[in-house]
Amino acid sequence: MSAPTSVRIPVGGTVLVLGVLSVLLCLVSLAVGSHSLTLEEVAGAFVPGRTTVASVIVWQLRMPRTVLAVMVGASLAVAGVVMQGLTRNPLAEPGILGINAGASLSVVLSMSLLGLTDVSDFLWFAFAGAALAAFLVHLMSVCSADAGPARLVLAGVALGASLRSITGTITMYDSVTFDSYRFWVLGSLADRDTVLLVWVVPFLAVGLVMALASGLTLNALALGEEQAKALGVSPRRARALALTSITLLCGASTAAVGPISFVGLVVPHVLRLALGADQRRLLAVSLVAGPVLLLAADVVGRVILDSGEMEAGVVTAFIGGPVLLLMVIQRMGVRGR
């Protein structure tokens, strides 16, 4: 099996198509649910001074959910691009650094020790856990003369496994905490309000700006550390910037909606096949491709069951699982030539 070749597609056209698709999915997201609305009713909700059942549904229930899907989708996809560029591993995704595990453990501790059950209550605990995990991973990776992407991944995997074991132990012996935790850990956009958006969006916005700014340095790191130094790029500073952006994006996203997997894996992989390996191009397009995937997953989750809905994290797992399997088989085939 030969290595896949990328078919170069114009970035401008790709962004335009994905942007239009995102807008259409936003409209569908505002219309679809347990109480479906027509596009006319959705449009009427935007008329100033008009209070109807449709306007209440749109603005209080579905608008925060839709905006959060756009922001989190973009954040996870961009974080995936940065993660894969940082580790030089196309199979890497944000959860590999142990950030999700840190957030999960912090949430479990806040539930078990403080009795918190609402997302807005344990939001800061989740973000603090993610930030602490990222700091520990960075600290373990740089405390060595050969600090590089391999050591960063090893530190993340080791820390993540340790944190997940503690989380599993707590939930095994605390049934009340487990009942609350199992709904959050599936990754859901349901029942998120405007207050949550106000707290989360600034962190996501700063993280996105930092990630987009790291495009040039990631391209330099892809050439090797010696080449990067020759180009005037400090590998340690570049890794610190990239890791900080991943922490902000994944930490805030995980705190808000739970650990949604595979968005940061599928989107960068597909875009790399279509656009090539230039990190700047990948970062720009992933900004609009991520929302398409997460919005689609959320909409599908709302309509696929006769009663209730399937969490967006479950839908993305159904999509990402086969893609990950194909990627692994493909890499094994290339190495076995």
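Note that Cβ sites are derived from N, Cα and C of the backbone, with glycine treated the same way.
Bear in mind that TrEMBL entries carry predicted annotations, made automatically and left uncurated.
Source: prediction; values computed, not measured.
Annotated features in TrEMBL:
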type	residues	note
TRANSMEM	12-32	transmembrane segment
TRANSMEM	66-83	transmembrane segment
TRANSMEM	95-116	transmembrane segment
TRANSMEM	122-140	transmembrane segment
TRANSMEM	152-176	transmembrane segment
TRANSMEM	196-221	transmembrane segment
TRANSMEM	241-262	transmembrane segment
TRANSMEM	282-305	transmembrane segment
TRANSMEM	312-329	transmembrane segment
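Of the two recorded stretches, the transmembrane segment (122-140) does not lie close to the transmembrane segment (66-83), with fewer than three CB pairs under 8 Å once pairs fewer than 6 apart in sequence are set aside. Only residues 6 or more beyond the boundaries of the transmembrane segment (152-176), in the same chain, are considered here, and those with a CB under 8 A from a CB of the stretch are 86-87, 89, 92, 95-102, 104-105, 108-109, 112, 133, 136-138, 140-141, 182, 239, 243.
Contact counts against the transmembrane segment (12-32), taken as Cβ pairs under 8 Å, peak for 282-305 among the stretches 95-116, 196-221, 282-305. Taking Cβ pairs closer than 8 Å, the transmembrane segment (196-221) reaches residues 64, 67-68, 71-72, 74-75, 78-79, 81-82, 85-86, 88, 119-120, 123, 127, 227-228, 231, 233, 235, 237-239, 241-242, 244-249, 251-253, 255-256, 278-280, 283-284, 287 in its own chain, all 6 or more past its ends.
Tertiary neighbourhood of the transmembrane segment (282-305): same-chain residues 11, 14-15, 18-19, 21-22, 25-26, 28-29, 32-34, 65-66, 69-78, 80-82, 85, 189, 208, 211-212, 215, 260, 263, 266-268, 270-272, 275, 311-312, 314-316, 319, selected by CB-CB distance under 8 Å and a gap of 6+ residues from either end.
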